[in-house]
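Quick look at what TrEMBL lists:
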type	residues	note
DOMAIN	2-136	domain 'Nucleoside diphosphate kinase-like'
BINDING	K8, F56, R84, T90, R101, N111	ATP binding site
ACT_SITE	H114	active site, pros-phosphohistidine intermediate
Amino acid sequence: MRTFSIVKPDAVAAGNTGAILQSLEAAGFRLVALRLVRMTKAEAEGFYGVHRERPFFSSLTDFMSSGPAVVVALERDDAIRELRRLMGATNPADAAPGTVRARFASSIERNAIHGSDSPESAAFELGYFFPGVELG
Ligand code: RTP
Ligand code: MG
């Protein structure tokens, strides 16, 4: 089963891309597609469209378009749930020790990694950044 992840601009800028990808691979995820992207504000708004009405939407999409990010398609059993577990809670103050956000996030917004939260969002998000690509 496949899921979609982003190493967010804070983590790329801090030089943590390699360590985060290594932790994904160590947890049994295989990389099936990977690309460095500099999102426009409009691309970030389209990607996080489900949050359009949230108070943090403008700040979030500014952040996500502020610098390069790494978009990645991942495969393993129970991929969606396992990635969310490995990421840790949205707010790093609540993230379990050893999770990516506990190790690398600096705030509830600048939290190092994204992961799809359902099969429906994984399908949308994989198609958003890897349109027409035969993954893996
Ligand atoms: P993601 O979608 O990026 O994997 O994160 P998530 O499911 O854990 O959290 P979600 O509720 O979907 O929020 C998306 C991203 O918006 C930023 N955020 N800021 N200022 C705030 O209160 C706030 N809340 C969320 C974070 O970057 C969060 O990951
Ligand atoms: Mg989310």
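Just so it is clear, glycine is given a Cβ too, placed from its N, Cα and C backbone atoms.
Because TrEMBL annotations are produced automatically, they should be read as predictions rather than curated entries.
With a cut-off of 8 Å between CB atoms and residues at least 6 apart in sequence, the same chain places M87, G88, A89, T90, P92, A95, N111, A112, I113 near R101 (ATP binding site), listed in sequence order. Using a 10 Å radius centred on the Cβ of N111 (ATP binding site) and all shown protein chains, the other Cβ atoms total 23. Across the residues annotated as binding ATP (K8, F56, R84, T90, R101, N111), the two Cα atoms farthest apart lie 21 Å from each other. Among the recorded positions K8, R84, T90, R101, H114, the residues whose Cβ sits under 6 Å from any atom of ligand 1 are T90, H114.
For the recorded positions K8, R84, H114, the ranking by surrounding Cβ atoms (within 10 Å, all protein chains) places K8 first.
Broken down with DSSP, the domain 'Nucleoside diphosphate kinase-like' (2-136) shows 61 helix, 24 strand, 50 coil. For the pair formed by F56 (ATP binding site) and H114 (active site, pros-phosphohistidine intermediate), distance between Cα atoms is given as 16 Å, rounded to the nearest Å.
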